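**Student:** Mind having a look at this structure? Questions to follow.
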Amino acid sequence: MNGLSVSELCCLFCCPPCPGRIAAKLAFLPPDPTYSLVPEPEPGPGGAGAAPSGPLRTSAATPGRWKIHLTERADFQYGQRELDTIEVFVTKSARANRIACMYVRCVPGARYTVLFSHGNAVDLGQMCSFYVGLGTRIGCNIFSYDYSGYGISSGRPSEKNLYADIDAAWQALRTRYGISPDSIILYGQSIGTVPTVDLASRYECAAVVLHSPLTSGMRVAFPDTKKTYCFDAFPNIEKVSKITSPVLIIHGTEDEVIDFSHGLALYERCPKAVEPLWVEGAGHNDIELYSQYLERLRRFISQELPSQRA
């Protein structure tokens, strides 16, 4: 679809959809969970274990220590040593959903922790191999979470829940691990750029990375859309100018899901944008396979952040 026809315009303005419906139709494809959380026994009276029994999937979160159990579909690429670096727990959002969180200690004493908001149609189980590899290669620890309705997180996916979910993750990272905002890099991929831009527009942090970002839901569905309507969803284009931290935008020139023009438009609207990474020939899901991806991330983190230039 390359633009708005007369009938589509009539439909939009006579019966405009609510942002939630646009969001649901465009964005959310939660996979079947590829993991569960298994309680670790804790010392109790007389040495007895005091952890709850049974795996945690969508049941109420309980205090205690948990380990992640991955299914074959998670396709974990590492061994037990790397798996032992992954901490998992469940927190609660302001919208009363239980949000699964993952902290990957890739580098002891790392200067930065990346708060990673993943793309669509994946969950923490499928992403944890990538997190181990990414954190090790860029010298950062990785913190991530599953959106409402993804993985073992409860609730249903929605735009409002996305914003509440990342707020819960941000607070958990800061309070549970004592990570200060100037040590947090917000990283959003695809649909994950939506909560990332929203949070970054409200809080200052060390830096922001937008990987294959979208400008808004309407602009994805109707590429000729030039303005943001009141019923639009995911209005990154209206929020990106409010970000006060350095922003690196990464986009493939042959992106078949979110057109390259979205990355260009956000770059032009973002006063804190640094030199972007436009990956020639890359699509929506293969940017990480190009050597310049890691090279640009390393240079951004090691040379271009204010704390590194001081």
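Residue numbers in this text run from 1 along the chain shown.
Backbone N, Cα and C define each Cβ position, glycine as well.
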**Student:** Quick check on the annotations: Swiss-Prot lists region 'Disordered' for one of 38-61, 134-157. Which range is it?
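**Tutor:** In Swiss-Prot, the region 'Disordered' feature sits at 38-61.
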**Student:** For Asp255 (active site, charge relay system) and Ser190 (active site, charge relay system), determine the Cα separation and express it in whole Å.
**Tutor:** 11
**Student:** What does DSSP call Ser190 (active site, charge relay system) in the simple three-state scheme?
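**Tutor:** DSSP assigns Ser190 (active site, charge relay system) to helix.
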**Student:** Within 10 angstroms of the C-beta of Ser190 (active site, charge relay system), what count of other C-beta atoms is obtained when all protein chains are considered?
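**Tutor:** Looking across every protein chain shown, the total is 23.
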**Student:** Sorry to bug you, but what's the C-alpha spacing from His284 (active site, charge relay system) to Ser190 (active site, charge relay system), rounded to the closest Å?
**Tutor:** 8
**Student:** When you measure from the Cβ of His284 (active site, charge relay system), which residues in the chain that are at least 6 apart have a Cβ under 8 Å away?
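**Tutor:** Residues satisfying the criterion: Ser190, Ser212, Gly252, Asp255, Glu256, Val257, Ile258.
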